[in-house]
Amino acid sequence: MLLAAIITERSLYLLCLCARLTGATSYGEVGEAAFGPWMETFISFVLGIFLIFVIIAYMVLAQDIWTSVLKIAFAMEANKDVVLLVIVIMITPFLMQETLHALRFNCYVGFSSVTVLCMALVHHAWKTKTSAPSDESPDTTDHLLWWTSDWEDVLVAFPIITLSFLSIFNVLPIQNALLRPTRIRVLLTIDGAMSSCFVLTVIFGVAGYIFSSSQTDGNILNNCHAESDIFLFLGQLGCGVTVVLAMPMMLLPCRASLLEVLDVLVNGPHKTPVEKEAEEESQTLLKEKENIPVYEATHPEESVSSVERSKVPITDKTLVHYTSTLLIVLTCFVISINVPGVATVWSIIGCFMAYLFSFILPSVCYLEIQQRYPNHSLQCTSWVWFSWILLVGSVVAGTACTAETIKRLILQ
């Protein structure tokens with residue numbers, strides 16, 4: 001878990017470096033600056049699909065958690081699909097938001113809520129190990145396995161652990177939203193987020209494992225008998241709030257990525273400042289060779305064609321914004337009510353796609369930017385070596401983890 005946190009933190013800052021070197025404002029634009037328009041379309045489209053799977057996983061969790069909460073609190077057997085539908089309707093105002101800044105309080109409330117469940121698990125882990133087993137608590141008398149003897153288990157577990165730190169799709173919007181996005185402030189923001197998530201995740205995982213031992217389920221809430229314990233009930237309630245508030249924060253980058261693809265198809269590729277500078281330099285050199293006078297516009301508007309001035313980004317159109325949101329939510333809802341369990345979804349999206357977006361693409365983009373724009377590259381070679389190590393390691397690990405997960409899914 002420590003390894004996953006460290007390499008995720010470094011890869012997040014690596015993507016921020018790519019954006020700072022090129023002037024890109026999104027993940028897709030970084031890819032466009034490195035490899036051209038096709039890479040922007042590829043990254044944005046696949047990232048949008050990836051985030052759809054993440055939203056589906058959150059929906060599956062939400063319906064399981066809140067169905068259990070309603071059963072405990074009101075002694076009612078609610079239909080899971082109806083519960084999920086009500087949840088989606090209730091959070092619709094959050095789903096329609098256009099910026100992460102508008103959802104900043106979701107982070108604070110969500111983190112505080114999941115901390116309640118973490119504290120409840122710590123309390124019961126301590127209680128379980130210091131008291132005799134009962135009918136109401138899991139049997140944890142068996143030996144705790146602190147390190148697996150089967151490396152195939154590592155190949156399945158590590159991608160899921162990596163997912164707990166996955167935030168590559170939101171790091172550039174956060175960097176853009178900072179008032180003074182200096183390297184120090186960006187690093188402090190990334191390190192603070194990674195550190196707090198690491199501490200909470202370690203405590204959460206260790207306490208849950210001590211509490212349930214070998215009977216630990218893919219969803220730890222299935223091991224919690226919340227109907228007979230107020231602490232576990234409050235923890236489950238807090239986890240439910242966290243999952244629900246996390247859905248809008250996944251939907252926003254998902255919608256932005258898919259609309260970026262649509263905007264490229266309609267209005268053409270998004271040129272980053274470093275690309276425009278390179279094009280201007282090449283045009284100037286060409287004209288100087290051919291002895292053609294270089295025209296300098298008197299007004300900035302003269303350098304922009306009437307066609308470019310008339311182009312309106314797809315994301316600025318209200319109808320497109322609401323329609324795309326509705327389509328994404330509807331798609332995720334339909335799939336989530338037909339998925340067998342959240343562990344299956346986590347396994348699928350935690351394999352090669354997580355490695356691709358978190359580690360592989362940032363490293364190849366940085367290496368290409370260093371070669372393509374030497375005037376904007378860093379003199380420090382440590383990031384180049386890190387990028388190569390990250391790239392090779394991620395490809396090997398991603399391939400192995402994906403093969404193992406597919407094998408287990410087939411056997412099941």
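Cβ atoms here come from the backbone N, Cα and C positions, even for glycine.
According to TrEMBL, the domain 'Amino acid transporter transmembrane' annotation covers 1-406.
Within the chain carrying the transmembrane segment (42-62), a Cβ under 8 angstroms from the stretch's Cβ atoms is held by residues 26-28, 30-31, 84, 87-88, 169, 219, 240, 243-244, 246-247, 250-251, 253-255, 257-258, 260-261, 264, 328, 331-333, 335-336, 339, 341-342, 345-346, 348-349, 353-354, 356-357, 361, all 6 or more beyond its ends. Taken from TrEMBL, the feature transmembrane segment applies to 42-62 (among others).
Taken from TrEMBL, the feature transmembrane segment covers 82-100 (among others).
Under 8 Å from some Cβ of the transmembrane segment (107-126) lie the Cβ atoms of residues 137, 196, 200, 203-204, 206-208, 210-211, 220, 224, 229, 231-232, 234-242, 245-246, 249, all in the same chain and six or more residues away from its ends. Per TrEMBL, the feature transmembrane segment maps to 107-126 (among others).
Annotated transmembrane segment per TrEMBL: 154-174 (among others), in sequence order.
The annotation transmembrane segment is assigned in TrEMBL to 186-210 (among others).
Positions annotated as transmembrane segment by TrEMBL: 230-252 (among others).
Under the heading transmembrane segment, TrEMBL lists 319-339 (among others).
Annotation comment: TrEMBL describes 345-369 (among others) as transmembrane segment.
Non-local neighbours of the transmembrane segment (381-400) in the same chain are 7, 10-11, 14, 17, 155, 158, 351-352, 354-356, 358-360, 362-364, 366-367, 370; each lies 6+ residues outside the stretch with a CB under 8 Å from one of its CB atoms. Summarising the annotation, TrEMBL assigns transmembrane segment to 381-400 (among others).
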Residue numbers, six or more beyond the limits of the transmembrane segment (82-100), whose CB comes under 8 Å of its CB atoms: 59, 62-63, 66-67, 70, 106, 170, 173-174, 177, 244-245, 247-249, 251-252, 315, 321-322, 325, 329, 333, 336-337
